[in-house]
Amino acid sequence: MKEVKLAECGLSYAVVSIMGPQSSGKSTLLNHLFHTNFREMDAYKGRSQTTKGIWMARCAGIEPCTIVMDLEGTDGRERGEDDTAFEKQSALFALAVSDIMLINMWCHDIGREQAANKPLLKTVFQVMMRLFSPRKTTLMFVIRDKTRTPLENLEPVLREDIQKIWDSVPKPQAHKDTPLSEFFNVEVVALSSFEEKEEQFKEQVASLRQRFFHSIAPGGLAGDRRAVVPASGFSFSSQEIWRVIKENKDLDLPAHKVMVATVRCEEIANEKYVAFSENEEWCQLEEAANSHSVRGFGRKLSSILDACLSDYDAEATFFDEGVRSSKRKQLEEKLLQLVQPAYQSMLGHIRSDTFERFKEAFEKALKGGKGFALAARECAESFMSHFDEECTDAIIEQAKWDSSRVRDKLRRDVDAHIAEVRTAKLAEVTTLYETKLNEALAGPVEALLDGAGDDTWPAIRKLLQRETDTAVSGFTAALSGFEMDEESRDNMVFRLKDYARGVVEAKAKEEAGRVLIRMKDRFSTLFSHDQDSMPRIWTGKEDIRAITKTARSASLKLLSVMAAVRLEDEGDSIDKTLVLALVDTSSSKSISSVDPLASSTWDEVPPSKTLITPVHCKSLWRQFKTETEYVVSQAIAAQEASKRNNNWLPPPWAIAAMVILGFNEFMTLLRNPLYLGFIFVAYLLFKALWVQLDISGEFRNGVLPGFLSLSTKFLPTIMNLLKRLADEGQGTASGQQPQGNPALAAKSFRGSTNDNGEVSTSTTSEVTSENGTEYSSSSLHDKTQ
């Protein structure tokens with residue numbers, strides 16, 4: 001079959017077989033009729049078996065392709081008793097596979113019982129009954145060595161004999177009344193003797209040959225083609241038919257046809273599957289699809305699949321339609337199962353690529369200032385449409401696969417990313433305005449609480465309202481791009497307002513934790529500075545008690561302000577309670593013996609708004625008074641020291657004693673005025689030393705420190721003073737006069753203290769500037785002061 005390329009013929013082929021007695025010239029007839037090369041009998045060697053078994057050949061020069069089978073002759077002596085068995089087997093085989101069966105018989109045997117091949121015909125009809133659903137076959141009786149009797153007279157006798165044989169053959173119940181014409185087309189031809197009239201024989205054979213051209217066409221010589229096996233399955237079909245015949249089984253041609261179609265279609269399908277799996281174009285496409293998205297994937301793969309299925313259809317087109325379609329469907333399913341992973345990979349790549357591009361486009365849209373909801377909606381719709389287009393490009397025509405699951409996953413990923421970005425953006429916007437509120441409130445609230453007074457909390461409330469309104473306005477505008485529902489927007493605005501209040505409350509709580517430090521700072525500021533914010537000098541004229549009371553009252557006011565959060569315009573009695581309990585202690589004790597601060601809560605103030613409890617306030621006040629009493633005592637000591645330093649006159653009794661006891665000395669001075677000059681000079685020297693040594697300043701820090709300091713400065717000052725007097729005397733003796741006024745002014749002394757506390761003293765008679773201005777000792781003294 002491969003040698004003659006029968007598989008390429010499809011259904012366009014015919015099978016012709018010949019039966020007849022041994023040595024009846026069957027091979028000779030076939031060689032002349034079909035130009036074959038069967039072995040012929042050598043007449044000179046005697047009559048014997050020439051064809052053994054069944055021989056096959058392709059008819060030369062006949063279209064369509066015609067296969068001829070030369071069957072072993074019947075009634076041969078070589079087989080003996082086995083002749084009948086093989087005769088039936090070969091006849092059944094020929095009937096099962098042939099479209100035309102030639103029955104070779106001698107003309108002079110017509111009308112005879114045995115010699116007329118009636119046993120052969122009976123055998124043919126009997127085996128035909130073993131075919132449950134036989135197809136209609138053409139029986140062509142070839143009458144050899146025709147005599148003078150016309151064919152018109154021979155043919156009726158032959159047909160009558162054939163009908164009698166058909167009627168005598170036992171038939172199944174289903175075909176008991178079936179006429180011969182249902183199973184056979186009977187044709188009769190006559191040929192002259194090959195040996196005696198060779199030329200006439202060849203002419204008649206040539207004429208008969210023409211009838212075999214286009215034998216399978218409608219009206220042609222071939223019989224019914226309903227059960228014909230496609231050429232590619234002929235070899236397998238023939239082998240199976242012979243196997244069934246050898247096993248002596250009934251041959252059901254339709255079932256056999258289905259079986260042949262099943263085997264051959266499955267073989268073809270497997271061949272196409274292997275060919276597809278090894279297809280270079282498919283392998284490259286699969287490798288590419290596993291690594292990245294491939295443009296035109298569906299079109300390319302559909303083309304490869306279509307080519308594979310078309311090849312299958314071309315080879316299996318002539319087999320049983322049901323089997324062919326079933327196997328085609330199985331092949332298609334196997335092919336689709338093979339390509340499905342690549343298709344799923346493609347969908348995965350399309351989904352991931354689309355998702356990544358969506359994220360980039362979404363981020364770009366948000367950076368471009370587009371509203372969040374609008375950007376999310378437009379980008380999502382755009383890239384979902386893009387995904388649908390990509391999926392359409394990847395669709396395989398042969399598959400009805402649904403990409404909705406992958407699309408739903410992409411949609412979930414897109415929605416999840418939008419939700420994630422939305423949460424992040426909302427958090428970013430919220431954080432931005434919370435930061436603005438924190439910056440706008442924390443510092444000012446701290447400053448207001450630091451300068452706590454009666455208007456502190458009203459000012460804080462006003463500040464909170466103003467900054468909150470500003471932030472809420474901007475926050476609401478920022479949220480408009482998210483297209484939130486009213487309830488969600490109101491909740492976020494409420495949380496922002498609550499955050500603003502939380503900032504104030506947190507700052508108030510923080511400041512309340514440092515209230516003692518703040519109280520001490522305020523007390524120190526008010527106690528140590530006057531109304532002009534200048535440091536106080538305790539000269540003895542200040543009312544320390546009043547100053548202390550004022551400073552403590554201000555510190556108490558700070559404590560009352562810090563005691564509770566007052567963001568609602570509701571009055572409370574904290575200030576009054578603290579004043580009565582801590583300042584006006586005498587009046588509070590006279591009113592009631594119960595301590596108003598012996599409690600953990602304030603009246604009219606909820607615990608959540610309480611920063612410092614009454615008990616804690618009392619503890620803080622006690623600690624505050626303890627730590628500020630030292631400052632007050634120091635002020636009192638400084639005031640007493642100032643009073644002592646500024647009072648130079650002795651007591652009155654000492655003055656009276658000096659007048660009484662020094663009367664004689666006083667009278668002596670009056671009698672001798674030179675003593676007065678001496679005393680005056682001594683006074684001037686003492687005054688100069690007083691100024692240079694700054695005795696009053698040294699004793700301001702105490703008596704003992706003053707004496708110690710003067711002891712280190714006294715001798716250097718005296719030595720410096722004597723040196724300057726000597727220098728001045730030498731200058732006068734040499735006639736040198738200082739520039740400026742020639743008159744000698746009163747001597748002046750100037751002392752300075754170095755880094756080690758030592759005093760250096762200088763004396764000048766006169767200091768003149770470049771413009772002639774003179775500075776006396778008194779002016780220098782004033783400058784020193």
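Cβ atoms are placed via backbone N, Cα and C, with glycine included.
The annotation topological domain 'Cytoplasmic' is assigned in TrEMBL to 1-649, 695-785. The domain 'GB1/RHD3-type G' annotation in TrEMBL covers 10-225. The annotation GTP binding site is assigned in TrEMBL to Gly20, Pro21, Gln22, Ser23, Ser24, Gly25, Lys26, Ser27. As annotated by TrEMBL, transmembrane segment applies to 674-691. Positions annotated as region 'Disordered' by TrEMBL: 729-785. Residues or ranges marked as compositional bias 'Polar residues' by TrEMBL: 731-740. Among the features that TrEMBL reports, compositional bias 'Low complexity' is placed at 756-774.
The Cβ of Pro21 (GTP binding site) has 19 neighbouring Cβ atoms from other residues within 10 Å, across all protein chains displayed. By neighbour count, meaning other C-beta atoms within 10 Å, the densest spot among the binding-site residues Gln22, Ser24 is Ser24. Considering other CB atoms within 10 Å as the measure, the emptiest surroundings among the binding-site residues Ser23, Ser27 are those of Ser23.
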